[in-house]
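Asks: Here it is, the structure in full.
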Amino acid sequence: MRTEYCGQLRLSHVGQQVTLCGWVNRRRDLGSLIFIDMRDREGIVQVFFDPDRADALKLASELRNEFCIQVTGTVRARDEKNINRDMATGEIEVLASSLTIINRADVLPLDSNHVNTEEARLKYRYLDLRRPEMAQRLKTRAKITSLVRRFMDDHGFLDIETPMLTKATPEGARDYLVPSRVHKGKFYALPQSPQLFKQLLMMSGFDRYYQIVKCFRDEDLRADRQPEFTQIDVETSFMTAPQVREVMEALVRHLWLEVKGVDLGDFPVMTFAEAERRYGSDKPDLRNPMELTDVADLLKSVEFAVFAGPANDPKGRVAALRVPGGASLTRKQIDEYGNFVKIYGAKGLAYIKVNERAKGLEGINSPVAKFLNAEIIEAILDRTAAQDGDMIFFGADNKKIVADAMGALRLKVGKDLGLTDESKWAPLWVIDFPMFEDDGEGGLTAMHHPFTSPKDMTAAELKAAPENAVANAYDMVINGYEVGGGSVRIHNGDMQQTVFGILGINEEEQREKFGFLLDALKYGTPPHAGLAFGLDRLTMLLTGTDNIRDVIAFPKTTAAACLMTEAPSFANPTALSELSIQVVKKAENN
C-alpha cells in the first residue's frame, strides 16, 4: 500500500512518485489549495492538493485530524522561502495526485493542542501513542533492545527463556498467583525475576546467559514502578564481581554512545558506606555537588540535647549539609524544608546562615547559635568549607533517619536552587552493601535477596556475626536512579542453608520452598554471578522522561489498573468454578 514512509522523504526523492499511508496530523484549507501535514511512525511530511487535480482536492476538503489516508503524489523541492528548518522533511513537499480515505475519525477524546490528563492518555492509549514524542520513545526502546541483543551475542551470551508459570519463592514482594485448573487448590506464581532459573542454568553449564524478560511484583507502586516490568537479565559462571561489572559497564556505555552520542567514560566505584556517609543515599546523584559532613565529634559536649544526644549515641549521627548561596533562602523556604525532612522521620531542621564569616558570631544567623560557642561554630564552618552567603543545614537523629532526611533534602535543594547540573550524566557503581538489614521485628532480612554471597566470610563466620556481613553485591546508578543490580551468588549448599537459617527459614521450609535448589547445589555447582537491568528505567533515562509509563506501550496506573481495557476485572463464575475458587465478599463496616 505504501512505497515510502512520510518522515523519510528527502531531497533525494525529488521527482519521484510515492505512495504514502498514515494519518492527517493537521489540515489547512486555503480555498484553491489544501495543505495537510501527513504523519506516520517515521515523522511528518507536508502534502498539498491543487486545482489541477480536482477530484483529489475535492476529497481533501473532507479531511479532518486523524483520518487514516493513502496519498499518491510527486515529491517536489520547496522554494527557499518555504523551507521549514524545524522539520526533517522541511525541504520537500508532496503534490498529491490521488487520495484515498481509508477510515474516518470521530471527534477525538484527546486534544493535540492542549495538555491532556494522564488518565485520558491511558484510557485512549492507542491515540496517545500516535503522538510523535510517544512514537519516538517506543522506537528508542526498540533500538535499545536491538543493541542489547547484538552486544550480548557478540560477547558470547546465550538468549535462553525461563518459565513464566513457576513456584512462589520469597523475593521481597508479593507474588501474582495463577490458579491451576488441573491441580485443584494449587497455584503457580508469576516470576518476580528469573533468579533461581538463571542460577540453575549456570549449574547446567551455560556459562553466559541473558534474557529480556517480563517480571511481576504485586507491590505498592511509585511513579517509577509497574506491576509488570521488563528486565535485561544476565548471569555468568567463572567470572568475578569486577569482571561482571566490566562487561555490564561496557554494555551501558555502548547504549549511551549509540542512542545519545555520549561517552560516559569509566564509572567510579563507591562503597555503600561511603555513599550513605557522603550523600545520604545508596543511589547518589553525583550531578549534585553537595555532600553531607559529619560533625558529631564537635558537638558531644554542647548543652543542646538535640545535637548532644545523637552525637554521643553509637547509633546516632549529626550531619551538616552546606548549601552554596543558601543564605538567600527566606524564612518561609526554610520552614518548608523543615516540614519536608519530617516526611523522612526528622524532628526538624537546624541551620546556620553564613552572612560574613570574618565577623564571627555577628556574621551568622542561627536559632541554635545560642547553644554553641564561637569555637565550635568556627570548627563547623571550617569543616564544611563554608563561605559568605552559604547556608548550613543540620540533621541529628539515628543514622537511618539522618541519611534518609538529609539525603532527600540534598536532592530537593539541589533541584530548587539549580545546583544540580541536569545537562550531565553521572554513572557509578555502588558496592559492598550490608548483607542483612533489621526487619523491624527483631530479625534480619536480606538487603538484596537470599541467594547473594557474603564477601570474604565462611559459613561459620557468617552464622556467628551476620550483622557484620558485607554482601558481594553491586548496583549501577545513573543520575540518582538505580538502573541495575546484581551480586555474586552462593554456590555452596552449607552457605545457602546458613543464610536461610539467619533469615528465619527453618529446614522444613527450606526443603519445601527451595529443595530443588539445595539439591542442585550438591552436584558440582560453579561459582557464578549476575546482574539485572531495568529496561523500562534505562529507556526512561535515555529518552529524557521522568515517568516510566511514557516508555511502556500499555502501562498500568499507580493503582495497577489498565484504564483502556479495564483490567483487572471480575472473572466468569464458570471459570472460577473450574478453578475451585469462590470469591468471598467482606461485610462492610457500618
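Including glycine, each Cβ sits where the backbone N, Cα and C put it.
Pulled the feature table from Swiss-Prot, pasting it below:
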- E171, R217, H448, R489: L-aspartate binding site (BINDING)
- R217, D218, E219, Q226, E482, G534, L535, D536, R537: ATP binding site (BINDING)
- 195-198: region 'Aspartate' (REGION)
Asks: Return the residue, from the listed binding-site residues E219, E482, with the maximum count of other C-beta atoms within 10 angstroms of its C-beta.
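Replies: Within the set of binding-site residues, the most crowded position is E482.
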Asks: Using DSSP, how many residues in the region 'Aspartate' (195-198) fall into helix, strand and coil?
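Replies: Counting residues by DSSP class gives 4 helix, 0 strand, 0 coil.
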Asks: Look up R537 (ATP binding site) in the DSSP assignment and report helix, strand or coil.
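Replies: In three-state terms, R537 (ATP binding site) counts as helix.
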Asks: Residue list, the region 'Aspartate' (195-198) vs rest of chain: Cβ under 8 Å, 6 or more residues beyond ends.
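Replies: Non-local partners: 162-163, 166, 169, 171, 209, 211, 233, 235, 449, 451, 514, 517, 530.
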Asks: Please report the Cα separation of E482 (ATP binding site) and R217 (L-aspartate binding site) in Å, rounded to an integer.
Replies: 17
Asks: How far apart, in Å, are the two Cα atoms that lie farthest from each other among R217, D218, E219, Q226, E482, G534, L535, D536, R537, the residues recorded as binding ATP?
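Replies: Farthest-apart Cα atoms in R217, D218, E219, Q226, E482, G534, L535, D536, R537 are separated by 20 Å.
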Asks: Find the shortest Cα-Cα separation between L535 (ATP binding site) and the binding-site residues R217, H448, R489, and name the residue that gives it.
Replies: R217
Asks: Using Cβ atoms only, which residues of the same chain lie under 8 Å from R489 (L-aspartate binding site) while being at least 6 residues apart in sequence?
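Replies: Those within reach of R489 (L-aspartate binding site), by Cβ under 8 Å and sequence separation of 6 or more, are Q199, M202, F451, T452, S453, H528, A529, G530.
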Asks: Under DSSP, is R217 (L-aspartate binding site) helix, strand or coil?
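Replies: Reduced to three states, the DSSP call for R217 (L-aspartate binding site) is coil.
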Asks: Cα of R537 (ATP binding site) to Cα of H448 (L-aspartate binding site): how many Å, rounded?
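Replies: For R537 (ATP binding site) versus H448 (L-aspartate binding site), the Cα atoms are 19 Å apart.
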Asks: Averaged over the whole of the region 'Aspartate' (195-198), what is the pLDDT?
Replies: 97
Asks: Out of R217, H448, L535, R537, which has the highest number of nearby Cβ atoms, where nearby means within 10 Å of its Cβ, if these are the binding-site residues?
Replies: L535
Asks: Kindly assign E482 (ATP binding site) to one of the three DSSP-derived states: helix, strand or coil.
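Replies: It is in a strand.
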Asks: Provide, as an integer number of angstrom, the distance between the C-alpha atoms of E219 (ATP binding site) and H448 (L-aspartate binding site).
Replies: 16
